[in-house]
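Provided herewith is a single structure, encoded as C-alpha coordinates, for subsequent inquiry.
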Amino acid sequence: MNKLYIGNLSPAVTAEELRQLFGDRKLPLTGQVLLKSGYAFVDYPDQNWAIRAIETLSGKAELHGKVMEVDYSVPKKLRSRKIQIRNIPPHLQWEVLDSLLAQHGTVENVDQVNTESETAVVNVTYATKEEAKVAIEKLSGHQCENYSFKISYIPDDEVSSPQPPQRSRRGGHSSREQGPSPGSSSQPKQLDFPLRILVPTQFVGAIIGKEGLTIKNLTKQTQSKVDIHRKENAGAAEKPITIHATPEGCSEACRMILDIMQKEAEETKSAEEIPLKILAHNSLVGRLIGKEGRNLKKIEQDTGTKITISPLQDLTIYNPERTITVKGTIEACSNAEVEIMNKLREAYENDIVAVNQQANLIPGLNLNALGIFSTGLSMLPSGAGARRPAVTAPYNPFV
(Lines of atoms letter the chains of each structure in order from A and count residues from 1; the text may use other names and numbers.)
(Lines give C-alpha, C1' and ligand atoms only; values in the text may rest on other atoms or scores of the structure.)
Protein backbone atom coordinates (compact mmCIF):
# COMPACT_ATOMS: atom_id res chain seq x y z
CA MET A 1 0.00 0.00 0.00
CA ASN A 2 1.27 3.46 -0.95
CA LYS A 3 0.11 6.10 1.52
CA LEU A 4 0.08 9.66 0.21
CA TYR A 5 0.21 12.87 2.23
CA ILE A 6 -1.92 15.77 0.97
CA GLY A 7 -0.79 19.05 2.48
CA ASN A 8 -1.52 22.78 2.35
CA LEU A 9 -5.25 22.23 2.53
CA SER A 10 -7.76 24.81 3.62
CA PRO A 11 -9.54 23.92 6.89
CA ALA A 12 -12.77 24.18 4.92
CA VAL A 13 -11.89 21.29 2.60
CA THR A 14 -14.04 18.19 3.01
CA ALA A 15 -13.23 14.56 2.32
CA GLU A 16 -15.87 14.50 -0.39
CA GLU A 17 -14.26 17.45 -2.15
CA LEU A 18 -10.93 15.66 -2.14
CA ARG A 19 -12.52 12.51 -3.48
CA GLN A 20 -14.24 14.54 -6.19
CA LEU A 21 -10.99 16.28 -7.16
CA PHE A 22 -9.12 13.00 -7.45
CA GLY A 23 -11.97 11.55 -9.49
CA ASP A 24 -12.03 14.54 -11.85
CA ARG A 25 -8.32 14.01 -12.53
CA LYS A 26 -9.00 10.33 -13.23
CA LEU A 27 -7.31 9.26 -10.01
CA PRO A 28 -10.25 7.56 -8.28
CA LEU A 29 -9.90 6.78 -4.59
CA THR A 30 -11.32 3.46 -3.48
CA GLY A 31 -10.19 3.62 0.13
CA GLN A 32 -10.82 5.95 3.03
CA VAL A 33 -9.81 9.62 2.98
CA LEU A 34 -8.29 10.42 6.38
CA LEU A 35 -8.84 14.16 6.73
CA LYS A 36 -7.12 16.27 9.37
CA SER A 37 -6.94 20.02 9.84
CA GLY A 38 -4.92 21.31 6.91
CA TYR A 39 -3.82 17.93 5.58
CA ALA A 40 -5.09 14.47 4.67
CA PHE A 41 -3.96 10.94 3.85
CA VAL A 42 -5.09 8.61 1.07
CA ASP A 43 -3.97 5.14 -0.01
CA TYR A 44 -3.20 3.67 -3.40
CA PRO A 45 -2.51 -0.07 -3.64
CA ASP A 46 -0.37 0.43 -6.74
CA GLN A 47 2.82 2.49 -6.87
CA ASN A 48 2.11 3.58 -10.44
CA TRP A 49 -1.15 5.24 -9.35
CA ALA A 50 0.63 6.88 -6.43
CA ILE A 51 3.25 8.35 -8.76
CA ARG A 52 0.55 9.52 -11.15
CA ALA A 53 -1.31 11.25 -8.32
CA ILE A 54 1.86 13.02 -7.15
CA GLU A 55 2.79 14.16 -10.65
CA THR A 56 -0.75 15.25 -11.53
CA LEU A 57 -1.73 17.07 -8.35
CA SER A 58 1.27 18.27 -6.35
CA GLY A 59 1.78 21.98 -6.91
CA LYS A 60 -0.87 21.97 -9.64
CA ALA A 61 -4.29 21.27 -8.12
CA GLU A 62 -6.12 23.92 -6.10
CA LEU A 63 -8.90 23.71 -3.53
CA HIS A 64 -10.42 26.73 -1.79
CA GLY A 65 -7.70 28.98 -3.17
CA LYS A 66 -4.78 26.87 -1.90
CA VAL A 67 -2.46 24.80 -4.09
CA MET A 68 -2.11 21.37 -2.55
CA GLU A 69 1.08 19.40 -1.97
CA VAL A 70 1.03 15.66 -2.60
CA ASP A 71 3.86 13.29 -1.71
CA TYR A 72 4.54 9.93 -0.14
CA SER A 73 3.65 9.78 3.53
CA VAL A 74 6.79 8.46 5.18
CA PRO A 75 7.11 8.98 8.95
CA LYS A 76 10.47 10.29 10.09
CA LYS A 77 11.34 6.98 11.74
CA LEU A 78 10.93 5.26 8.35
CA ARG A 79 12.92 7.86 6.40
CA SER A 80 15.91 5.70 5.88
CA ARG A 81 17.98 4.81 2.82
CA LYS A 82 15.37 4.64 0.08
CA ILE A 83 14.37 7.55 -2.14
CA GLN A 84 12.43 7.95 -5.37
CA ILE A 85 13.58 10.23 -8.19
CA ARG A 86 10.96 11.29 -10.75
CA ASN A 87 10.92 13.40 -13.91
CA ILE A 88 14.20 11.98 -15.23
CA PRO A 89 14.82 12.80 -18.92
CA PRO A 90 13.85 9.80 -21.07
CA HIS A 91 17.09 9.78 -23.05
CA LEU A 92 19.48 10.45 -20.18
CA GLN A 93 22.70 8.48 -20.53
CA TRP A 94 23.48 5.87 -17.88
CA GLU A 95 26.80 7.44 -17.03
CA VAL A 96 25.27 10.83 -16.30
CA LEU A 97 22.69 9.60 -13.81
CA ASP A 98 25.16 7.11 -12.35
CA SER A 99 27.58 9.95 -11.70
CA LEU A 100 24.93 12.15 -10.11
CA LEU A 101 23.84 9.41 -7.72
CA ALA A 102 27.40 8.46 -6.81
CA GLN A 103 28.29 12.04 -5.85
CA HIS A 104 26.23 11.73 -2.69
CA GLY A 105 27.13 8.28 -1.40
CA THR A 106 27.31 4.58 -2.11
CA VAL A 107 24.33 3.37 -4.12
CA GLU A 108 23.37 -0.18 -3.21
CA ASN A 109 20.39 -0.67 -5.50
CA VAL A 110 18.50 1.11 -8.27
CA ASP A 111 15.13 -0.10 -9.55
CA GLN A 112 13.27 1.61 -12.36
CA VAL A 113 9.53 1.94 -11.83
CA ASN A 114 7.05 1.39 -14.63
CA THR A 115 5.13 4.58 -15.39
CA GLU A 116 2.94 5.84 -18.20
CA SER A 117 4.79 9.14 -18.49
CA GLU A 118 7.57 9.84 -20.95
CA THR A 119 10.00 10.56 -18.12
CA ALA A 120 11.71 7.91 -16.03
CA VAL A 121 11.23 7.09 -12.34
CA VAL A 122 13.77 5.22 -10.21
CA ASN A 123 13.85 3.96 -6.64
CA VAL A 124 17.34 4.35 -5.17
CA THR A 125 18.76 2.71 -2.05
CA TYR A 126 21.83 4.33 -0.52
CA ALA A 127 24.16 2.62 1.93
CA THR A 128 23.13 4.91 4.82
CA LYS A 129 20.20 7.14 5.65
CA GLU A 130 22.59 10.09 5.93
CA GLU A 131 23.59 9.62 2.29
CA ALA A 132 19.94 9.37 1.26
CA LYS A 133 19.19 12.61 3.11
CA VAL A 134 22.07 14.40 1.38
CA ALA A 135 20.93 13.08 -2.00
CA ILE A 136 17.43 14.45 -1.45
CA GLU A 137 18.80 17.83 -0.41
CA LYS A 138 21.26 18.09 -3.30
CA LEU A 139 19.27 16.52 -6.12
CA SER A 140 15.79 17.95 -5.45
CA GLY A 141 15.06 20.34 -8.28
CA HIS A 142 18.27 19.42 -10.08
CA GLN A 143 18.02 20.62 -13.68
CA CYS A 144 18.95 18.03 -16.29
CA GLU A 145 18.19 18.52 -19.98
CA ASN A 146 15.40 20.98 -19.13
CA TYR A 147 13.84 18.53 -16.69
CA SER A 148 13.71 19.21 -12.96
CA PHE A 149 14.21 16.20 -10.69
CA LYS A 150 11.48 15.53 -8.13
CA ILE A 151 12.57 13.44 -5.16
CA SER A 152 10.77 11.82 -2.23
CA TYR A 153 11.49 9.40 0.56
CA ILE A 154 9.77 6.06 0.11
CA PRO A 155 9.19 3.53 2.91
CA ASP A 156 12.13 1.28 3.69
CA ASP A 157 10.81 -2.22 4.29
CA GLU A 158 13.80 -3.08 6.45
CA VAL A 159 12.98 -0.27 8.84
CA SER A 160 9.24 -0.93 8.95
CA SER A 161 9.61 -4.71 9.38
CA PRO A 162 8.93 -5.83 12.98
CA GLN A 163 11.69 -8.47 12.62
CA PRO A 164 14.28 -6.94 10.30
CA PRO A 165 16.96 -9.27 9.02
CA GLN A 166 20.46 -8.82 10.33
CA ARG A 167 22.83 -7.14 7.94
CA SER A 168 26.43 -6.16 8.03
CA ARG A 169 27.45 -2.61 8.86
CA ARG A 170 29.05 -2.26 5.48
CA GLY A 171 27.06 -3.34 2.41
CA GLY A 172 24.05 -4.95 4.10
CA HIS A 173 24.12 -7.93 1.82
CA SER A 174 21.76 -10.21 3.73
CA SER A 175 18.88 -7.76 3.68
CA ARG A 176 19.31 -6.83 0.05
CA GLU A 177 19.59 -10.41 -1.12
CA GLN A 178 16.16 -11.32 0.05
CA GLY A 179 13.61 -12.52 -2.45
CA PRO A 180 9.90 -11.81 -2.37
CA SER A 181 8.76 -15.00 -0.66
CA PRO A 182 8.63 -14.96 3.13
CA GLY A 183 9.76 -17.87 5.19
CA SER A 184 12.29 -19.27 2.76
CA SER A 185 15.92 -19.78 3.66
CA SER A 186 18.59 -17.19 2.95
CA GLN A 187 20.15 -19.18 0.13
CA PRO A 188 17.07 -19.36 -2.17
CA LYS A 189 16.44 -15.68 -1.57
CA GLN A 190 20.01 -14.95 -2.47
CA LEU A 191 19.72 -16.81 -5.75
CA ASP A 192 16.26 -15.67 -6.82
CA PHE A 193 16.47 -15.19 -10.58
CA PRO A 194 13.18 -14.89 -12.48
CA LEU A 195 12.54 -16.07 -16.00
CA ARG A 196 11.35 -13.25 -18.27
CA ILE A 197 9.77 -14.00 -21.62
CA LEU A 198 7.97 -12.12 -24.37
CA VAL A 199 4.66 -13.41 -25.74
CA PRO A 200 2.52 -12.16 -28.65
CA THR A 201 -0.20 -9.87 -27.35
CA GLN A 202 -2.96 -11.89 -29.02
CA PHE A 203 -2.18 -14.86 -26.77
CA VAL A 204 -2.28 -13.01 -23.45
CA GLY A 205 -6.01 -13.60 -23.02
CA ALA A 206 -5.60 -17.34 -23.51
CA ILE A 207 -2.74 -17.47 -21.01
CA ILE A 208 -4.85 -15.70 -18.40
CA GLY A 209 -8.00 -17.68 -19.21
CA LYS A 210 -11.62 -17.02 -18.36
CA GLU A 211 -11.79 -15.26 -14.98
CA GLY A 212 -8.06 -15.95 -14.62
CA LEU A 213 -8.55 -19.69 -14.22
CA THR A 214 -5.81 -20.74 -16.64
CA ILE A 215 -3.10 -18.65 -15.04
CA LYS A 216 -4.26 -19.67 -11.56
CA ASN A 217 -3.99 -23.32 -12.52
CA LEU A 218 -0.56 -22.73 -14.04
CA THR A 219 0.81 -21.01 -10.95
CA LYS A 220 -0.66 -23.68 -8.69
CA GLN A 221 0.83 -26.56 -10.65
CA THR A 222 4.27 -24.99 -10.96
CA GLN A 223 4.38 -23.31 -7.52
CA SER A 224 5.27 -20.07 -9.27
CA LYS A 225 4.34 -16.40 -9.29
CA VAL A 226 3.57 -15.18 -12.81
CA ASP A 227 3.32 -11.48 -13.64
CA ILE A 228 1.81 -10.61 -17.02
CA HIS A 229 2.48 -6.96 -17.80
CA ARG A 230 -0.52 -6.55 -20.07
CA LYS A 231 -1.37 -2.95 -19.16
CA GLU A 232 1.91 -1.64 -20.50
CA ASN A 233 2.47 -0.40 -24.03
CA ALA A 234 -1.05 -0.31 -25.44
CA GLY A 235 -0.95 -1.60 -28.98
CA ALA A 236 2.42 -3.32 -28.63
CA ALA A 237 2.84 -6.57 -30.53
CA GLU A 238 4.33 -8.37 -27.54
CA LYS A 239 3.99 -8.33 -23.77
CA PRO A 240 6.56 -9.36 -21.15
CA ILE A 241 5.85 -12.08 -18.60
CA THR A 242 7.95 -12.58 -15.48
CA ILE A 243 8.00 -15.96 -13.72
CA HIS A 244 9.28 -16.29 -10.14
CA ALA A 245 9.88 -19.86 -9.01
CA THR A 246 12.56 -22.46 -8.61
CA PRO A 247 14.50 -23.15 -11.81
CA GLU A 248 12.34 -26.23 -12.34
CA GLY A 249 9.16 -24.27 -11.65
CA CYS A 250 10.16 -21.55 -14.11
CA SER A 251 10.85 -24.11 -16.82
CA GLU A 252 7.59 -25.95 -16.20
CA ALA A 253 5.61 -22.70 -16.30
CA CYS A 254 7.36 -21.69 -19.51
CA ARG A 255 6.51 -25.04 -21.11
CA MET A 256 2.87 -24.67 -20.13
CA ILE A 257 2.72 -21.16 -21.60
CA LEU A 258 4.20 -22.44 -24.87
CA ASP A 259 1.58 -25.21 -24.94
CA ILE A 260 -1.22 -22.70 -24.31
CA MET A 261 -0.03 -20.42 -27.11
CA GLN A 262 0.34 -23.32 -29.55
CA LYS A 263 -3.17 -24.56 -28.80
CA GLU A 264 -4.62 -21.07 -29.17
CA ALA A 265 -2.79 -20.57 -32.48
CA GLU A 266 -4.23 -23.82 -33.83
CA GLU A 267 -7.77 -22.98 -32.69
CA THR A 268 -7.63 -19.51 -34.22
CA LYS A 269 -5.91 -20.83 -37.36
CA SER A 270 -2.96 -18.51 -36.86
CA ALA A 271 -0.61 -21.45 -36.55
CA GLU A 272 2.60 -19.81 -37.67
CA GLU A 273 5.69 -20.80 -35.73
CA ILE A 274 5.69 -19.26 -32.24
CA PRO A 275 9.27 -18.83 -31.07
CA LEU A 276 10.28 -18.67 -27.43
CA LYS A 277 11.64 -15.23 -26.56
CA ILE A 278 13.66 -14.92 -23.36
CA LEU A 279 14.71 -11.55 -21.96
CA ALA A 280 18.16 -11.24 -20.39
CA HIS A 281 20.15 -8.34 -19.03
CA ASN A 282 22.90 -7.32 -21.42
CA SER A 283 25.61 -7.80 -18.78
CA LEU A 284 24.83 -11.54 -18.70
CA VAL A 285 24.48 -12.21 -22.41
CA GLY A 286 28.18 -12.32 -23.24
CA ARG A 287 28.71 -15.25 -20.91
CA LEU A 288 25.69 -17.02 -22.40
CA ILE A 289 27.19 -16.67 -25.88
CA GLY A 290 30.65 -17.76 -24.76
CA LYS A 291 33.99 -17.36 -26.47
CA GLU A 292 33.49 -17.37 -30.25
CA GLY A 293 29.84 -18.28 -29.61
CA ARG A 294 30.69 -21.75 -28.34
CA ASN A 295 28.14 -21.88 -25.51
CA LEU A 296 25.28 -20.81 -27.76
CA LYS A 297 26.29 -23.18 -30.55
CA LYS A 298 26.41 -26.09 -28.10
CA ILE A 299 22.90 -25.30 -26.83
CA GLU A 300 21.64 -25.17 -30.42
CA GLN A 301 23.27 -28.51 -31.24
CA ASP A 302 22.12 -30.23 -28.05
CA THR A 303 18.50 -29.07 -28.35
CA GLY A 304 17.99 -28.87 -32.12
CA THR A 305 17.03 -25.20 -32.05
CA LYS A 306 18.03 -22.00 -33.81
CA ILE A 307 18.93 -19.19 -31.39
CA THR A 308 19.41 -15.50 -32.19
CA ILE A 309 20.03 -12.53 -29.90
CA SER A 310 18.89 -8.95 -30.46
CA PRO A 311 21.69 -6.49 -31.35
CA LEU A 312 23.48 -4.17 -28.95
CA GLN A 313 22.13 -1.21 -30.89
CA ASP A 314 18.69 -1.86 -29.39
CA LEU A 315 19.92 -1.05 -25.86
CA THR A 316 18.79 2.29 -24.39
CA ILE A 317 18.19 3.78 -20.94
CA TYR A 318 14.77 2.12 -21.09
CA ASN A 319 16.10 -1.12 -22.48
CA PRO A 320 19.12 -2.86 -20.90
CA GLU A 321 17.65 -6.25 -21.82
CA ARG A 322 18.29 -8.25 -24.96
CA THR A 323 15.87 -10.68 -26.55
CA ILE A 324 17.01 -14.27 -26.99
CA THR A 325 14.83 -15.84 -29.69
CA VAL A 326 14.64 -19.64 -29.77
CA LYS A 327 13.04 -21.41 -32.74
CA GLY A 328 12.13 -25.06 -32.82
CA THR A 329 9.50 -27.47 -31.55
CA ILE A 330 7.93 -26.84 -28.15
CA GLU A 331 9.99 -29.69 -26.72
CA ALA A 332 13.19 -28.31 -28.24
CA CYS A 333 12.47 -24.75 -27.10
CA SER A 334 11.73 -25.97 -23.58
CA ASN A 335 15.01 -27.86 -23.44
CA ALA A 336 16.87 -24.81 -24.74
CA GLU A 337 15.22 -22.63 -22.10
CA VAL A 338 16.63 -24.86 -19.37
CA GLU A 339 20.15 -24.61 -20.80
CA ILE A 340 19.95 -20.86 -21.44
CA MET A 341 18.65 -20.09 -17.96
CA ASN A 342 21.32 -22.30 -16.39
CA LYS A 343 23.99 -20.17 -18.09
CA LEU A 344 22.32 -16.88 -17.18
CA ARG A 345 21.72 -17.97 -13.60
CA GLU A 346 25.34 -19.08 -13.24
CA ALA A 347 26.57 -15.70 -14.50
CA TYR A 348 24.24 -13.90 -12.12
CA GLU A 349 25.39 -15.92 -9.12
CA ASN A 350 29.04 -15.35 -10.02
CA ASP A 351 28.43 -11.60 -10.14
CA ILE A 352 26.91 -11.64 -6.67
CA VAL A 353 29.82 -13.61 -5.23
CA ALA A 354 32.41 -11.40 -6.90
CA VAL A 355 30.88 -8.16 -5.68
CA ASN A 356 30.36 -9.43 -2.15
CA GLN A 357 33.97 -10.55 -1.97
CA GLN A 358 35.23 -7.19 -3.18
CA ALA A 359 33.04 -5.33 -0.73
CA ASN A 360 34.47 -7.40 2.12
CA LEU A 361 38.07 -7.07 0.98
CA ILE A 362 37.97 -3.36 0.23
CA PRO A 363 36.38 -1.34 3.06
CA GLY A 364 34.34 1.56 1.79
CA LEU A 365 34.25 0.23 -1.77
CA ASN A 366 31.92 2.33 -3.92
CA LEU A 367 29.91 -0.17 -5.92
CA ASN A 368 29.14 2.54 -8.47
CA ALA A 369 32.72 2.17 -9.64
CA LEU A 370 31.68 -1.24 -10.88
CA GLY A 371 28.81 0.15 -12.92
CA ILE A 372 25.85 -0.36 -10.61
CA PHE A 373 23.50 1.85 -12.55
CA SER A 374 23.95 0.15 -15.85
CA THR A 375 23.10 -3.19 -14.21
CA GLY A 376 20.55 -2.07 -11.65
CA LEU A 377 17.57 -1.34 -13.87
CA SER A 378 15.10 -3.50 -15.66
CA MET A 379 13.00 -2.19 -18.52
CA LEU A 380 10.89 -3.53 -21.31
CA PRO A 381 12.83 -5.06 -24.17
CA SER A 382 13.00 -3.39 -27.53
CA GLY A 383 10.93 -6.22 -28.92
CA ALA A 384 7.96 -4.85 -27.01
CA GLY A 385 8.21 -1.68 -29.04
CA ALA A 386 8.15 0.68 -26.11
CA ARG A 387 10.34 2.89 -23.99
CA ARG A 388 8.78 2.07 -20.65
CA PRO A 389 10.22 -0.08 -17.89
CA ALA A 390 8.97 -3.39 -16.70
CA VAL A 391 7.83 -3.79 -13.15
CA THR A 392 9.50 -6.99 -12.41
CA ALA A 393 12.53 -7.86 -10.36
CA PRO A 394 15.60 -6.32 -11.95
CA TYR A 395 18.87 -7.97 -12.59
CA ASN A 396 21.13 -6.54 -9.92
CA PRO A 397 24.42 -8.22 -9.04
CA PHE A 398 24.95 -5.53 -6.42
CA VAL A 399 22.10 -6.61 -4.17
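Backbone N, Cα and C define each Cβ position, glycine as well.
Because TrEMBL annotations are produced automatically, they should be read as predictions rather than curated entries.
Keep in mind the model is a prediction, meaning the values are calculated, not measured.
Heads up, here are the entries from TrEMBL:
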- 177-188: compositional bias 'Low complexity' (COMPBIAS)
- 2-75: domain 'RRM' (DOMAIN)
- 81-156: domain 'RRM' (DOMAIN)
- 155-190: region 'Disordered' (REGION)
Within the domain 'RRM' (81-156), how many residues are helix, strand or coil going by DSSP?
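Helix/strand/coil tally for the domain 'RRM' (81-156): 20 helix, 29 strand, 27 coil.
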Write out how many residues of the domain 'RRM' (2-75) are helix, how many strand and how many coil, based on DSSP.
21 helix, 21 strand, 32 coil
Across the domain 'RRM' (81-156), what does the mean pLDDT come to, as a whole number?
83
